[in-house]
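These notes are about the structure you will find just below.
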Amino acid sequence: MDHAADAHRTDLMTITRFVLNEQTKHPESRGDFSILLSHIVLGCKFVCTAVNKAGLAKLLGLAGETNVQGEDQKKLDVLSNEVFIKALVSSGRTCILVSEEDEEATFVEPANRGKYCVVFDPLDGSSNIDCGVSIGTIFGIYMIKDGHEPTLDDVLQPGMNMLAAGYCMYGSSCTLVLSTGSGVNGFTLDPSLGEFILTHPDIKIPKKGKIYSVNEGNAKNWDGPTSKYVQSCKYPADGSSPKSLRYIGSMVADVHRTLLYGGIFLYPGDKKSPNGKLRVLYEVFPMSFLMEQAGGQAFTGKQRALDLVPEKIHERSPIFLGSYDDVEEIKKLYAAEEQN
């Protein structure tokens with residue numbers, strides 16, 4: 001046994017240590033935010049374990065069937081939703097929860113109430129579970145204004161009011177990417193310790209990328225600027241090398257790659273879905289927040305994504321996000337279209 005190496009492993013920057021270090025920078029802090037984050041992290045670990053067993057689910061009777069005891073077994077996305085709702089309510093730090101799985105927002109009863117609102121997609125890309133593609137949890141955190149009864153208006157705020165956002169990707173490894181408003185950091189789950197370790201400190205997206213990511217199956221319904229942009233990715237007018245296309249179809253995986261390697265991720269509106277497919281509160285906002293914190297941009301085709309004010313909790317919006325220069329190009333195309 002290599003004792004020296006083992007001793008070194010206790011010197012790792014875990015996510016708990018990281019969050020507590022951040023907390024010391026705010027002397028007025030009472031630790032509520034740190035407690036909330038630790039409950040989100042626990043939810044992510046739980047879902048990670050469940051996702052890893054997903055391939056065996058049919059064999060073990062875990063997926064939407066009835067087991068030997070006559071109990072109904074839950075599908076993974078429903079299970080993930082319950083895990084996060086319970087983890088967040090039991091933290092005693094939340095007042096409103098908005099989940100992709102629930103039609104209505106959940107208002108926490110007064111005895112368990114705190115000052116934070118959490119918006120989340122418990123298992124984004126869950127249709128990809130059966131083929132082993134990376135899927136993930138996306139979340140964003142708002143704080144309510146002091147001293148009033150929480151209402152839906154407390155979550156129907158622009159993304160720029162978010163305190164923190166992040167996602168946890170369940171893939172070849174379990175990676176949690178988090179921003180509390182001062183940069184972006186990535187943590188990887190060490191299964192032997194059951195701890196998230198800081199592996200990607202201060203992530204910065206390259207200023208320009210070589211990859212574009214979009215569902216080209218929708219091309220016939222696209223508007224002018226999107227069609228022109230994708231055309232310029234494939235046939236650059238200046239004779240430079242074309243961009244590579246990479247599209248997984250799981251937002252967490254596509255955005256994660258964009259964040260680390262640079263490039264642009266597009267989910268435009270089209271004739272069939274004028275507002276695109278992605279939901280503002282728990283997909284567009286958290287990912288846009290992370291992109292801007294990493295030095296990139298996020299744009300809806302009309303405005304900066306984080307300036308959008310949602311009117312409904314499950315509202316959708318087109319989104320273009322990624323490297324600064326790449327998003328700048330699509331902004332120019334939309335501006336030109338508007339002038340015409």
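Placement of Cβ uses the backbone N, Cα and C atoms for every residue, glycine included.
Per TrEMBL, the features are:
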type: DOMAIN; residues: 13-201; note: domain 'Fructose-1-6-bisphosphatase class I N-terminal'
type: DOMAIN; residues: 205-334; note: domain 'Fructose-1-6-bisphosphatase class 1 C-terminal'
DSSP residue counts for the domain 'Fructose-1-6-bisphosphatase class 1 C-terminal' (205-334), split into helix, strand and coil: 56 helix, 21 strand, 53 coil
Per-residue pLDDT averaged over the domain 'Fructose-1-6-bisphosphatase class I N-terminal' (13-201), given as an integer: 89
